[in-house]
Amino acid sequence: MKMSALFPIFGLPLLFCNSFAAELKATGRGCGGLMDGCDGKSTFCCSGFNCSPTWKWCVYARPGRR
């Protein structure tokens with residue numbers, strides 16, 4: 001009984017993550033979204049995001065950000 005309850009709890013999120021990763025790979029997006037790694041030289045952030053110099057990942061672009 002416990003195992004049959006755990007299967008949907010852990011199995012379905014794994015299935016969704018796997019399908020999401022496959023879709024991302026298929027689109028071949030050339031820019032990074034929120035919290036994707038970037039360096040500003042070879043990898044860039046998409047529109048609406050900036051590459052954080054401290055953390056080296058894409059963050060939301062805010063007006064007045066230094």
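If you go along the chain as it appears here, the first residue is 1 and each next one adds 1.
Glycine is no exception: its Cβ is also placed from the backbone N, Cα and C atoms.
For 1-21, the entry in Swiss-Prot reads signal peptide, with the evidence type sequence analysis.
As annotated by Swiss-Prot, disulfide bond applies to CYS31-CYS46 (among others), with the evidence given as similarity to another entry.
Taken from Swiss-Prot, the feature disulfide bond applies to CYS38-CYS51 (among others), supported by similarity to another entry. Neighbours of CYS51 (disulfide bond), defined as other CB atoms within 10 A of its CB across all chains, total 19. Under the three-state DSSP scheme, CYS51 (disulfide bond) falls in the strand class.
Annotation comment: Swiss-Prot describes CYS45-CYS58 (among others) as disulfide bond. Here the Cβ of CYS58 (disulfide bond) has 23 other Cβ atoms within 10 Å, regardless of which shown protein chain they belong to.
Under the three-state DSSP scheme, PRO63 (proline amide) falls in the coil class. Other C-beta atoms found within 10 angstroms of the C-beta of PRO63 (proline amide) number 4, with every protein chain shown included. According to Swiss-Prot, the proline amide annotation covers PRO63, on the basis of experimental evidence.
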Distance, CYS45 (disulfide bond) to CYS51 (disulfide bond) (CA atoms, angstrom):
6
CYS45 (disulfide bond) to CYS31 (disulfide bond): how many Å between their Cα atoms?
5
Can you give me the Cα-Cα distance between CYS58 (disulfide bond) and CYS46 (disulfide bond) in Å, rounded to a whole number?
8
Under 8 Å by Cβ from CYS31 (disulfide bond), same chain, sequence gap 6 or more:
PHE44, CYS45, CYS46, SER47
Ten-angstrom check, please: count other Cβ atoms within 10 Å of the Cβ of CYS45 (disulfide bond), all chains counted.
22
